[in-house]
């Protein structure tokens, strides 16, 4: 009887995993076969949370098979767009960002980078691999870094509407004052993709810096929320990110008309959006660490990280 019980438990667990994979498949524009989904799952981790309550995977080192994922997605002939904003003195970080992206970000895939800057003549020349493209677009400067942050959603929305809807499959929006240290690849693809903030992933939800003013469209009430997500790295299918950007832009502008500015600008609005519209894939803090933080034991690899800097020297206010 004990043997039968063990087999029954094994069958139930296997069916649960497979049903979860089938559920998540609806968020892939590039559909994977049943066999492909099964093969890309690794044995997993027991020291970290690897599945959200709504059955979205939380991606950590050791939870995916990189070789099989790459082989599957490279056959799909997909294009990944990436946006980065290098406004004002932030242009100084662009060279490292671009050079390290060539070493680690979707290597072997077709990638289109879009750099938005008020200093187009200072964009560094970086040798890019075949199939990878860099486009520079001018944007106005600003006397307040908060305004630069706030405009990003509007610019991303317009880029998708005017350029990307028929050109790219996925888009990732990344902070320029960061650099890549390790692989960032097909394991990150999903419908709506969020990155857990490295500063709060060990904290209780009550300590998350959500916007707490009920007057703001970014409001998250006490007791609500799932994770606290980074504003410096998010992405997913082009149509999903378009909806996110359009919604966050509208909510931000509605707040501004009433003289309200959320505590963390676009990041506050992004967290509100992700609370209501659950991401279909969540990336661990490996995907946006902070260089000033020591690496915790559960962080086996740092893939992308914000560099150490003096904000007083680079921000306009």
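Using N, Cα and C of the backbone, Cβ positions are placed for all residues, glycine too.
Given the structure is predicted, the values throughout are model-derived calculations rather than measurements.
Check TrEMBL against the ranges 6-24, 25-43 and you find transmembrane segment recorded for 6-24.
The UDP-N-acetyl-alpha-D-galactosamine site is set by 85, 86, 87, 90, 175, 176, 177; from the centre of their CB atoms, other residues of the chain with a CB within 8 Å are 84, 91, 93, 94. Site extent for UDP-N-acetyl-alpha-D-galactosamine: among the recorded binding residues 85, 86, 87, 90, 175, 176, 177, the largest C-alpha separation is 11 Å.
A gap of 18 Å separates the Cα atoms of residue 90 (UDP-N-acetyl-alpha-D-galactosamine binding site) and residue 267 (active site, nucleophile). Annotation for the recorded positions 175, 267: lowest Cβ count within 10 Å of the residue's own Cβ, 175. The Cβ neighbour count for residue 86 (UDP-N-acetyl-alpha-D-galactosamine binding site), using a 10 Å radius over every protein chain in view, is 26.
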